[in-house]
Structures are given as structure tokens and as C-alpha cells.
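In TrEMBL this protein carries:
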- B:6-23: transmembrane segment (TRANSMEM)
- B:30-52: transmembrane segment (TRANSMEM)
- B:58-78: transmembrane segment (TRANSMEM)
- B:90-110: transmembrane segment (TRANSMEM)
- B:143-165: transmembrane segment (TRANSMEM)
Amino acid sequence: MGSMGVPTEYYQLVAALLFTIGLIGVLVRRSALIIFMSIELMLNAVNLSFVAFSRQHGQMDGQIFVFFVMAVAAAEVAVGLAILVAIFRNRETASVDEVHLLKG
Amino acid sequence: MGEAILFTLFSLSAVAFALGMVFRRNAVHCALHLVGVLLSLSGMFVLLHAQFIAAIQILVYAGAIMVLFLFVVMLLNVKGETPLLTPGAAKGFGFFFAFIAFVELLWIVVSQGGTEGEPAPVPALPPNFGSPAEIGKILYTTWLFPFEVTSILLMIAVVGAVVLAKRKFA
């Protein structure tokens, strides 16, 4: 006997759409800053998926995982933006196409 | 019924804001669109009985992380990129692979459903599902060790950010 509610599959569909949009952002944008924001979008899409499955299975472990994903995202943003600031100070650019020292 | 309407509203706004975030030129606009996505997702979390997660989504993500983003956007004062997207074949490949990934995800969602053609029924949940008290109970018992490891991770991140930002490059 299920209660009234939007089925989990629809939430998965929205999560898949958001993840794909984030993936497009990572693949086609040139600014490292926007690429970072797109990664945040992808992490959020996965969070939505976690929470939807958590409801479907009636277990809160999925919500705990969202909690940990947020903590890791916060750490990632702090270090990533610091790297970005360092690159910008050195090379005066935030475009990933112009940071190609290893290419020689 | 009301839940379906709210779900439609939140999902449409989330996707619209996400598209705006990826294709706007101005980085500040992109950041504000991302805040829109985060708020829409927070609404969806409430619909999914994850009230505590919805609250920290707004506090941590839309609050702390996005403020950090906006600080860096304004600190770097990046000029709008011209062209907006990466040029040449890389752009085509990017859209192509993203499309393939979307088809794969869609296929997984469709093939893992409940009975034939019908979405799996939503189970009835206990009334305190997702409340801060219940979250706290399992966070500090079952997940205590990962929780403590997270604190070390955050400390390392803070130290790393300070070291990276303060270092003088030759």
C-alpha cells in the first residue's frame, strides 16, 4: 500500500537531466570557474538521486551520504578555488585552453 | 496532486536554471543561476521527506559555497570569454559524449523500474523520516567513523587552501 507521491523514476529522470547539463558544461565551456560550477551541478544531481532512492527504500543512509557529499564538495571548492586563484595570479587567465604548460 | 504540481514546478525551474548556468556568458549570472538550481533542489528534498538535507542544502550550498564562488568571481574579475564555448571539434565531441551519457542514464532509469511499464509504487514512510533527530541518531552511531574522517578532510582542505592562496609564485 503506497502513499500518494511522485514516483522515484521521475526524480531519477530529473537527476539524469541535471547531470547531463553539468557534463555539457564541463566539456564545452572554457572558463575554469564555470567548469567548477558545472561540477557542483553534477554533484547536486547525484544528491537528488541519493535522496530519491533513500525514500524509495525507506532507509535514511542515502541522506547521510548526501551529507558526506556536501562536506566533500565544500572541501573541493575551497581547494579548487585556491588553485584557480593561484593560476590566475601566475598566468592572468582562467581559461582551461590557455593553461597548457605540459604540452610544451 | 499538490505534490505533483510542486514537483513539476521545481524540476522545470531546476533544469531551466541549469541550462542558464551553462550557457550564460557573465560568471556572476552563472553563479546566481546555480543558486536557483540549488534552491529548486532544496524544494525537491522537502518533497522527498529529507527536511534536514533541504535545510543544510540552503545553509551550506546556497549560503557558504556560493558566497565563496562569488568572492572568487569578483576577485579574479574574469572577462567574458570569447568565444563562449571551446572551439573546433572538441565542442562537437563534448555535446556528443554528453548525449551518449544521457542516453545511458535514461536507459538505466527505464530498465531498473518496477513492474512492466509501471513506475515502482512509493512506500509509506514513518512520520519522523528525515527529521534532524533521526538523522543525528544514525549519523552518530552507524556513521560515526566516516563523520570523524570528514572533519579531518575539512581541516586538510582549509590548510591546503590557505597554503595555496598565500604562496608567493616566482
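A Cβ is built for glycine as well, from the same backbone N, Cα and C atoms used for every other residue.
Outside the transmembrane segment (B:58-78), and at least 6 residues removed from its termini, the chain residues within Cβ reach (under 8 Å) are 27-28, 31, 34-35, 38-39, 42. Residues 3, 6-7, 9-11, 13-14, 17-18, 20-22, 24, 58, 61-62, 66, 69-70, 73, 125, 129-132, 135 of the same chain lie 6 or more positions beyond the ends of the transmembrane segment (B:30-52) yet place their CB under 8 Å from a CB of it. Among residues of the same chain six or more beyond the transmembrane segment (B:6-23), those with a C-beta under 8 A of the stretch's C-beta atoms are 29-30, 33-34, 36-37, 40-41, 43-44, 47, 84.
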